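K.L.:
Structure below; questions to follow.
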Amino acid sequence: MGIPVNSENVNDETEGDVAGKEVYYLCGNSLGLMPKDTKETVTRELDAWRDRAVESHFKHPTDTSWVDIDLPVVPLLAPIVGGKNEEVAVMNTLTANLNSLLVSFYRPTKKRFKIVFEKKAFPSDYYAFYNQCRLHNFDPNECILQISARPNETFLRTEDILKVIEENNESIALVCLPGIQYYSGQLFEIERITKFAHQYPEIIVGWDLAHAVGNVPLKLHDWGVDFACWCSYKYLNSGPGSIGGLFIHEKWHHSALKFGDDVNHDEYRPRLAGWWGNNNEKRFQMLEKFEPIKGALGFRQSNPSVLDVVCLQSSLKIFQKYGGVENLRLKSLKLTKYLINQLQKSPYYHPKKQSSKEELGFRIITPIQNESQYGAQISIQLTPSRLTGKNKDTMEIVFEYMHRHGVVVDERKPNVIRISPVPLYNTFQDVFTTVAILNSALDSVKKSIKALKSN
């Protein structure tokens, strides 16, 4: 699917006239496209604000009152993550939710304090884990246990993850990995890793599902995941910086329903509490007694952004209409397999065993041996890292060429381009054109190299 480009947004250095033509957008892993109904949905809430102002909290002129605005979203979102309604909440943003969950679920002791996650994790996750160690007066160098890929490999092997857990089971407090790794595009074996770690009852297992939610089928409840969190602006298409979500397994819902003088504090799971997690029947009584709603809703803190919530709801209705993630995954696999096929046909594709750091081209760093190892995203690594006589990396030159020629993908330093065909709006033609322009970009680089050598 192409998206029109406004002429004022086209760089002056554009080769050829792209203005007014279509762009091939394979960047849903970074920001999903806006659903057609979203503008009308947002306008309806703006009208309610204009016409009713504060009264829309309880007497919305056309739709759900704002005091309950997030509640209709939960039944749409729960099937996407494979949770029960009471295990899911719409709230905050991804890192805010991760920090909130760590407050509740990271309970270190002198002997059991380590946090396990992958090397080269998304930086925001690293910062959250690092600061949890510091908050509990642990040395991050001893508290953080990162798992690296084997030498000359680009993704983690499940057996290596399990080995680290087994060897450190007496000192691990938390395992928290990404459902899909943001850089490599690797889809982790969530069920297998979770069940293995839970052989050791005191280990908590959480997942950052930023790149997995809305991308691949999830069954968090059945898999026994303790907690998970995600954003919604990638494959869930809710808009830039939009509201996130979290999952808390029902096995943790036994916490006391009251927190005050009359409660056994040992039954209460501490959290970053706020009035939106309180008993909604007493929320506006302004009592100095916290009675958290049972389940994930009890972890909410503040009233959510109405505009964010309705943007998410607009997109989730599309997922429901087309049979959910399981159904969309069938098309997604076809698109991504076609992408892999086209990349492997490229004259610049260098399989791992034949690749050279000095040879112009790319290799696929996403595990592609089995469809259970990847989602929509395929990551390619460009070589060589820098061209002689050029001030830019090879990846930057190729990325900019593709953008000038109407392909929107994204790049990650130092040398990776991520390509993600999304089943809700991408086509096989999008994929074909994207790889064709990638090849043209590398042709252009090759000509530049020859010109430099001849001078």
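Glycine too: its Cβ is placed from the backbone N, Cα and C atoms.
In case it's useful when we look at the structure, here is the feature table from Swiss-Prot:
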- Leu94, Thr95, Phe122, Pro123, Ser124, Asp125, Asp208, His211, Tyr233, Trp275, Asn303: pyridoxal 5'-phosphate binding site (BINDING)
- Lys234: N6-(pyridoxal phosphate)lysine (MOD_RES)
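Are these features on the surface or tucked inside, and what are their neighbours?
P.N.:
Listed in sequence order, Leu31, Gly32, Gly239, Pro240, Gly241, Ser242 are the same-chain residues at least 6 apart in sequence whose CB falls under 8 Å from the CB of Tyr233 (pyridoxal 5'-phosphate binding site).
Annotation for Lys234 (N6-(pyridoxal phosphate)lysine): spatial neighbours Gly28, Asn29, Ser30, Leu31, Gly32, Ala210, His211, Val213, Gly214, Asn215, criterion Cβ-Cβ under 8 Å with sequence separation of six or more.
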K.L.:
Max Cα distance spanning Leu94, Thr95, Phe122, Pro123, Ser124, Asp125, Asp208, His211, Tyr233, Trp275, Asn303 (pyridoxal 5'-phosphate binders), Å?
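P.N.:
Those residues reach a largest Cα separation of 31 Å.
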K.L.:
Taking only same-chain residues 6+ apart in sequence, whose CB is under 8 Å from that of Phe122 (pyridoxal 5'-phosphate binding site), what do you get?
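P.N.:
In sequence order, the residues whose Cβ lies under 8 Å from that of Phe122 (pyridoxal 5'-phosphate binding site) (at least 6 apart) are Pro178, Tyr182, Tyr183, Asp208, Ala210.
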